[in-house]
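Just lifted these from TrEMBL, have a look:
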- 31-50: transmembrane segment (TRANSMEM)
- Lys69, Val70, Lys71, Thr189, Asn294, Phe295, Arg296, Lys314: ATP binding site (BINDING)
- Cys118-Cys169: disulfide bond (DISULFID)
- Cys129-Cys152: disulfide bond (DISULFID)
- Cys135-Cys163: disulfide bond (DISULFID)
- Cys220-Cys229: disulfide bond (DISULFID)
- Cys263-Cys272: disulfide bond (DISULFID)
- 400-451: region 'Disordered' (REGION)
- 409-426: compositional bias 'Basic and acidic residues' (COMPBIAS)
Amino acid sequence: MGQAGWKGVFQSAFDYKTEKYVIAKNKKVGLLYRLLQLTILLYLVVWVFVIKKGYQDTDTSLQSAVVTKVKGVAYTNTSELGEHLWDVVDYVIPPQGDNVFFVITNLIVTSNQRQSTCAEREGIPDGMCSQDKNCHAGEPVIAGNGVKTGRCLRVGNSTRGTCEIFAWCPVEMQSRPKKPLLRDAEDFTIFIKNYIRFPKFNFSKANVLETKNKDFLKSCRFGPDNHYCPIFRLGSVVQWAGSSFQDIALEGGVIGIHIEWNCDLDKAASECHPRYSFNRLDNKHAKSVSSGYNFRFARYYRDSAGVEFRNLMKAYGIRIDVIVNGKAGKFSIIPTIINVGSGVALMGADTRRVSQPWHQGHLGQGAFFCDLVLIYIIKKREFYRDKKYEEVRAREYAAQEAEAEDEAMEQRQTEEEQPEGERQEEQPAAPPQSRGWKGNGAMCGKLPPSARTGILKNAKVNMQQLQTLQTVGT
């Protein structure tokens, strides 16, 4: 970059840009501008303030505690367990009542398991063998049930067999249930007690009706018109989640109970209600080997000789997840001012012009879009662009003033050089018309050509400056 380039960059650092207001008498662009303003106003009023409540301060740091209880009994009579009465201690895991709990609906029982040696179950790749050297003693079977003893057990004359293992024998039965064991679990009831608190506003509430009637919770059931009785029938919860109880009870599944607290604290505390929703959290449509929900547990015993044995149970059932969330809002002047200011900025409100106090200029999203239409899209865009953007140089204006002063000095010198008698005779004689400039006074017709030319140039400059402040009409 040469010296002239650096000089231009340095001088441009001291340029000043000021606004020039141009009123375009264009009905189409004016209508577009008002429609944009109306749209922004509707967005501010309807969406920001009515729907989103932008005038409120919010608290989403919800503090919650959940306590659950399940009640109900069921009777079964099977070959593995015999006659058995199931109460809440038998089928609810864990028993202390957290926000996540499990209700057993089906079982596969492997009875009387003792620690001894037996054949590994078929179908486990690491437990298959054809000779003893395939079973390394002391090595656990990957995804199996025990530790290899070093022997390969084959049935009859078959060439393939399974490794002998030290484990809880007999090993677990590998079968899938065909019907649910606890079909009566559909009528079990779930009591969900939820306490919430919004710390910012020091507001607390529970989902249980505040009443002194001790029998209220014994007789009520949750329903669309009774949200303060949080006692749910298990079959109804599964139905509301969009599933069949018999299907989910057979192989298990996961149900979510969602409690939503959206509280408008500008209203009374009694208007803050819990909202419940239910859905199936596991993929019920995916029929695969891992579908459903199950886990294993055992019950241990000792025989008369003091030898320990156990009953292994593979439990299928319904896992319930209680999920609580919400927010609270209350009027605050700070978000109100912020949202109103943002809306006003979008609408494009600006300060009033000093030169025309009655005129309101606008700069904003609406004005920006309309400027694009006015300057780059419509047919007369070049005309509007020239009127909107004008470059004024201080040197040119100073040169014009200096030239006008020089011409004025020449005019005064010419007048002084004329004889006194001629000046007195010329004063009362005012020609009816002047060839140089009509209506510019009596002296214009008598001025020398050089002075007359200077006045005309000065008048032309003044006219150009005046035109920049006039209203542009289309």
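Cβ coordinates come from backbone N, Cα and C, glycine included.
Automatic, uncurated: that is what TrEMBL annotation is.
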Which one, from the disulfide-bonded residues Cys129, Cys163, has the smallest tally of other C-beta atoms lying within 10 Å of its C-beta?
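Checked Cys129, Cys163; of these disulfide-bonded residues, fewest Cβ neighbours within 10 Å: Cys129.
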Spatially, and counting Cα to Cα, which of the recorded positions is closest to Cys152 (disulfide bond)? Options: Val70, Cys135, Cys169, Cys220, Cys272.
Cys135
Could you round the CA separation between Asn294 (ATP binding site) and Cys263 (disulfide bond) to a whole angstrom and send it over?
38
Work out how many Å separate Cys272 (disulfide bond) and Phe295 (ATP binding site) at their Cα atoms, rounded off.
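Taking the Cα atoms only, Cys272 (disulfide bond) lies 39 Å from Phe295 (ATP binding site).
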Compare the C-alpha of Val70 (ATP binding site) with the C-alpha of each of the disulfide-bonded residues Cys118, Cys163, Cys169, Cys229, and give the closest one.
Cys229
Could you state the whole-number distance in Å separating the C-alpha atoms of Cys263 (disulfide bond) and Lys69 (ATP binding site)?
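Counting only the Cα atoms, the answer is 27 Å.
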Taking only the Cα atoms, work out how far Cys169 (disulfide bond) lies from Thr189 (ATP binding site), in Å, as a whole number.
38
If you pair up every Cα among Lys69, Val70, Lys71, Thr189, Asn294, Phe295, Arg296, Lys314, the residues annotated as binding ATP, what's the maximum separation in angstrom, rounded to an integer?
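Value for the max Cα separation, rounded to a whole number: 24 Å.
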For the recorded positions listed here (Val70, Cys135), tell me which residue's CB has the most neighbouring CB atoms inside 10 Å.
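Counting every other Cβ within 10 Å of each candidate, the maximum falls on Cys135.
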Hey, what's the Cβ neighbour count for Cys152 (disulfide bond) at 10 Å?
20
